[in-house]
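*Asks:* Quick paste from TrEMBL:
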- 559-623: domain 'CBS' (DOMAIN)
- 643-703: domain 'CBS' (DOMAIN)
- 62-82: transmembrane segment (TRANSMEM)
- 116-138: transmembrane segment (TRANSMEM)
- 225-243: transmembrane segment (TRANSMEM)
- 307-324: transmembrane segment (TRANSMEM)
- 345-363: transmembrane segment (TRANSMEM)
- 406-425: transmembrane segment (TRANSMEM)
- 432-454: transmembrane segment (TRANSMEM)
- 474-496: transmembrane segment (TRANSMEM)
Amino acid sequence: MSSNHDIQLQSLNQSQNWYDHTLPELNNFEKFKSIDWIDDNLKQNDSNIKSLNNWIKFLENYIILTIVGLTIGLTAGCLNLLTEYLSNLKLGYCNSNFLLNENHCSNEWFEFPISIYGFIIFIIYGIIFSFLASFIVLKFAPLASGSGISEIKCIVSGFQYNDFLKIKVFLMKAIGLPLAIASGLSVGKEGPSVHYAVCIGSLISQGITKLSIFKSIDHNKDSTIFAKNILISSSAAGVAVAFGSPMGGVLFSIEEISNFFKLSTMWESYYCSLIAVSTLQFLNPFDNGKIVLFEVKYDNDWNLYEIPIFIILGIFGGIYGIIISKFNIKVVNFRKKYLSSLPKLEVFILTLLTCLISYWNFFLKLDMTEGMQILFEECSSSNKGNRSTLIDLCNVKSLSNVSYNILTLLFATLIRMILTIFTYGCKIPAGIFVPSMACGATFGRLLGILIQIFQDQDTCQLNKSCINPGVYAFLGAASALSGITHLTVTVVVIMFELTGALKYILPTMISICITKLINDKYGNKYGGIADVMIEFNNFPFLTSHKHYNFEDKRVRDAMISQKIVYLPSDKSIDLKIVNKILNDFEYSSIPIINTSNNNKINGIISRLDLLKIINDPINNNQSIQCNFNKLPQNDCLNFDRVINFSPLTVGIDTPLDLVLSLFHKLSPNILLVEYNGELKGLLTRKDILRFEYFLNQYQYNSEKQEQFFENNEKYYGYLLSINENLQNWKDKIINTIIPNSRYTRLNRES
């Protein structure tokens, strides 16, 4: 048996391989398992042809999408109510019913006065909420911390990370998110909303497909493709309920989540988002008909002379994105090195500092969504009765009032940026979309007030303002959101759905266009904050945003050629040998070669297909022979119906840039490397990412070492020059003091 097994494991190339080098920085790669999208797509197409007339299969997808959308909408509505209630507790309570929030309490609401008493309550509640959020996350589901968008992008791109979508992660994310937001920390719900929505989609699809009524789905044929579509649709619904923007959610799933999008998936995303938003609208969590608090309507039109202001707001958005991304990564790196063992203490200190600072500033103290609701408002008579009158943002006639508003908004902008830099990435459920929008909104309103002061009244209609500062707050929020995410079309559509005003699409596009130009010219090379975190955490992810530097490297430089596991097509082997191979190795696919004909490639078989046939109760005879040939044989266990006899192969001298394009566009799990039809090695998505990292690190270290030697030579040259000058000065001094002396440097050296 040992000899038979030995032929299944050999080195096709005895040369030293880069793969032998240890890369501890890429340990996170092992958390993800590759998925072969191209093989699954082919199997799904074959399955669709065979069940073309089966209308039940058509309904299955939409039944699952409907249940997923309903669940996401219900979850979002409940979390909105809980978040608003907990946030209001820091500011007051309802006299008639303590369980009611401010919106549902009406005139019975009692607000704590601005005093030491109110200050202490504000801090205590903030610390309690943040402690509970960090405690439950760290205790039960550490993967529920953070945003989650980075990991979801990796999963959708073709890597399994099942622990990330478990039910306990969903529960801790859903419970911890309202607590984290209510604590007052500079975190948002949009990123975590995508995470819990994807968890819902994954859990429901897995649960429902196990029911007997849905047995028409062949899980080994198209379950991975089906699961991918559900995850993308769920992510769209998560953004849709967070912003109240179904079309924005669909575009988010296209522009941010999926690196390869099919039209059928777009329709499924649209349907799921529609169901989720409709459910949320029916629940009416804010009791005012709005899906999100900062939804606003504008009546006034904009003027051409405001275009420079739109450009300024776009510049701010680009600068904001660059600053936050750059310094947040430094903070995250510091946290990873020095604070990884003190997550609760870090959250406590962040909450304490945030509450100490925020209480004395109206826009930092207020919930960010409620603050944006005020900042987005027009200065019209219909809005005079709400909380915006507390600071009288629209009164620009009083110099003292204007000065106070400007300083308040400037302070809120700067402090919110600093708090966002230090908070995003700590061990609580935390998003960055809303804090970014809040920063942009305060800056935009600040700019609007300044413009409003110096406006030329002669160009305006009688008794009507030319400038609407609320629009500038709105555009500032859009620019900041685009700056941190590097999204363009998605942000424009989301903002349009928030206002419902076609007239402000062009100003939004102008601002975001400038933001995009700033990001492309001066921003990081990876993309938005989610891509930056993928790069920092060294997750396996192929993206079109990043330039991969392979120089002139070929497949032979990156392929794995040692200890290749294979199955022979020219001979039968015992079933127990196949079982041993599956037990000893966790490869997702195994090549099939003709060992008697110079290892000619005959096909490839997936691990799941092997296990499906082997685990069949009728195949329990371990001594039975297994046949991996295209022609079935009697008295053998034949695998011809599950073997891919036309696997995707590349030549050994194929440029790696071309191979990268194949991985990105076709998403195969593995490429077989051949020369004249002979198997020479293997190449997976993880391998090419590891090689690119190894190549750049080696090159970086070599360049760094070369620079070190060059600097040393330069410094040595400086020292020699200084020594030469000192010797010359010494000789001049001696000759000056003793002019007749024949003691010269020439004589001294002789």
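Placement of Cβ uses the backbone N, Cα and C atoms for every residue, glycine included.
Can you tell me where each of these features sits in this structure?
*Replies:* Confidence annotation: the domain 'CBS' (643-703) carries a mean pLDDT of 82 in the model.
The list of residues near the transmembrane segment (116-138) in space but at least 6 beyond its ends in sequence, with Cβ under 8 angstroms from a Cβ of it, reads 86, 89-91, 144-145, 172, 175-177, 179-180, 182-185, 343-344, 347-348, 350-352, 354-356, 359, 365, 426-429.
For the transmembrane segment (307-324), the residues of the chain that approach it from at least six positions outside its boundaries are 417, 420-421, 432, 436, 439-440, 443-444, 447, 451, 472, 475-476, 478-486, 507, 510-519, 522-524, 528-529, judged by C-beta separation under 8 angstroms.
Sequence-distant contacts of the transmembrane segment (432-454) (same chain, at least 6 residues past either end, Cβ-Cβ under 8 Å): 147, 186-191, 242, 309, 312-313, 316-317, 320-321, 324, 363, 368-369, 371-372, 375-376, 393, 396, 402, 405-406, 409-410, 412-413, 416-417, 419-420, 423-424, 465, 467-481, 483-485, 529.
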*Asks:* May I ask for the residues of the chain that lie six or more residues beyond the transmembrane segment (345-363) and have a Cβ under 8 Å from a Cβ within it?
*Replies:* 118-119, 122-123, 126-127, 130-131, 133-134, 183-186, 335, 339, 371, 375, 390-391, 408-409, 411-412, 415, 419, 422-423, 426-428, 438, 442
*Asks:* Report the listed stretch (225-243, 406-425, 474-496) having the maximum count of Cβ pairs within less than 8 Å of the transmembrane segment (62-82).
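*Replies:* Selected stretch: 225-243, with the most Cβ pairs under 8 Å.
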*Asks:* I'd like the per-state residue tally for the domain 'CBS' (559-623) from DSSP, helix first, then strand, then coil.
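*Replies:* For that range the per-state counts are 21 helix, 20 strand, 24 coil.
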*Asks:* Any residues 6+ beyond the ends of the transmembrane segment (406-425) with a Cβ under 8 Å from its own?
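*Replies:* Residues 146-147, 185-187, 320, 323-324, 327-328, 331-332, 335, 350, 354, 357-358, 361-364, 391, 432, 435-436, 438-439, 442-443, 445-446, 449-450, 529, 533 contact the transmembrane segment (406-425) from elsewhere in the chain.
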*Asks:* How many helix, strand and coil residues does the domain 'CBS' (643-703) contain under DSSP?
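*Replies:* Secondary-structure breakdown of the domain 'CBS' (643-703): 30 helix, 18 strand, 13 coil.
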